[in-house]
Amino acid sequence: METIRNFSIIAHVDHGKSTISDRLIQICGGLSKREMHSQVLDSMDLEKERGITIKSQSVTIEYKSKCNKIIQMNFIDTPGHVDFSYEVSRSLSACEGALLIIDATQGVEAQTIANCHTALDMNLKVIPILNKIDLPTADPQRVKKEIEDIIGLSTNNIILCSAKTGTGITNLLETITHNIPYPKGNPNDPLQALIIDSWFDCYLGVVSLVRVKNGYLTKKTKIQIMSTKKIYNIEKIGIFTPKPIFKDILKCGEVGWIICGIRNITGAPVGDTITQHPNSAKKVLSGFKKIKPKIYAGLFTIQSNQFSLFRDALGKLSLNDASLFYEPEHSLALGHGFRCGFLGILHMEIVQARLEREYNLQIIATSPTVIYKIIMIDNTNYYLDTPHKLSTLQKIKEIREPIAKCLILLPIKYLGNTLLLCSQRRGVQNDISYYNNQILLDYSIPMSEVVLNFFDQLKSVSSGYASLEYNFELYKVAHVKCLDILVNYKKIDSLSTIVHKTKILNQAKNVVEKMKNLIPRHQFDIIIQAVIGTKVIVRTTIKQLRKNVLAKCYGGDVTRKKKLLKKQKIGKKRMKQIGNITIPQEVFLKILNNN
């Protein structure tokens, strides 16, 4: 165990985590020259297209140190976006150390602070690294001062490197060897292994990534999942280099994958403990806290005959993405679907894109909403994640909305525009700290304002230099209402939204105007209303198509024409009473996508 080092690579988005991973693999011979390519650990098409890491990837490599010791390094490349912070915390739970990568041109950013504090809270050894020192705009001295002032880390032994050119990577490997502690555990104790990640393979069943804390794992060992008490035989064991390599044993302190022929997607939950059977361990390992979704949205298939495939796809995806929550939901307009919980808008977009690409589904998503806390007159609490249900609740004492604690780091010259944006989003300033040319803003902003497009607008007003980190803070009394959309006096539940009183009129006008432009005309008037309770806020009418019943009358008495017009009037009146309004799926798609 003295020759094992387990560590994660953490950083803000685009600071060079994946490129440093490439250099470590290249120098240690994890892949041949023919197999090497840039961002080798970003295996998903979405990761390559967006240039971000979405899923943590584990790699085992061997490094021969300058003192001729062979060191086994198990490292995990983690995502940098705030929406995937749960992936980071899960990865850190399997490690004794963390490499904190900081871009020498951009300096400390909000997610750098958050990731570093997460690692320090878990008592990990954090090694700060300045990357991209080869660029002409790099300013190592300024960034060192930011690290000391903003994060509070010593920079006496900071590593200067360039992942692109390979400068400083050997020095980094030596620092990992000497500074990150080796894992603690007893190979003679009963087996305890933590499930870090799981995914479903069509041929092999559930594949689990595990960290062996005590004991060891061998092929054909009988194991027990401690939460379900179910017993399985280990069929295959291996590691990633990053390509899968089969092994006969996973020793104490090692990270690797196991296949046990589990066909049930809930058979090996992430965060669970694996032990042997018999001679089981008495205690479960402290896993990681189950994260709560920050936003909810309804997901529906455009083709109703795909529902069973959709249900299976969500199950397999949730195994690989433990932060995804879902439960069945029915909409009068969109049919059967699922109410899904996400960590943010990017997380929602990635899940939707993966469902469409990996499972060939056509998905429509309703407007995302946060979770509101409803206090009833009898002081009972009700948590609401579906907007249209608000109008059905009676005896409400007050409605509370979630507030996010936001840390915004930006250059001082963009302060004015950023303060204005935070004010427009109903933000309250808690603190402001100055660090040379950088400012750290501490704001409390309603979560509903943050999760939608706040980050995009923040980047816009700061020319891309501002960075954001946010977390749930508390629930606060809010003056919000449920805005319902009625078409010919029938409520369209999938278009209901919860809106703050100051924004109700604008929101109502926007939705009604879009619907008027998108819904096709019928042979009778269509009335579109935006209402709060029974009060109509905005109303418009899509005028009926006029069928010319007089086209065949070329003369004769005027009473003949009057008779035809009267008959048409009676028919239209009857049609309005019993006629169904056809709202194409494309209309919902355009309205909801715009929202």
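Every residue gets a Cβ built from N, Cα and C, even glycine.
Mapped onto three states, the DSSP output places Ile133 (GTP binding site) in coil. Sequence-distant neighbours of Ile133 (GTP binding site) (same chain, 6+ apart, CB under 8 A from its CB) are Ala104, Pro140, Leu160, Cys161, Ser162, Thr167, Gly168. Annotated GTP binding site per Swiss-Prot: Asp14, His15, Gly16, Lys17, Ser18, Thr19, Asn131, Lys132, Ile133, Asp134, in sequence order, evidence recorded as sequence analysis.
Under the heading domain 'tr-type G', Swiss-Prot lists 2-184.
When Cβ atoms from all protein chains are considered, those within 10 Å of Ser18 (GTP binding site) total 26, not counting its own.
Within 10 Å of the C-beta atom of Gly16 (GTP binding site) sit 24 other C-beta atoms, taking all shown protein chains into account. With the fewest other Cβ atoms inside 10 Å of its Cβ, the least crowded of the binding-site residues Asp14, Asn131 in this structure is Asp14. In the three-state DSSP classification, Gly16 (GTP binding site) falls within coil.
Mean predicted confidence for the domain 'tr-type G' (2-184): the pLDDT average there is 79. With Asp14, His15, Gly16, Lys17, Ser18, Thr19, Asn131, Lys132, Ile133, Asp134 listed as the residues that bind GTP, the site has a largest C-alpha separation of 17 Å.
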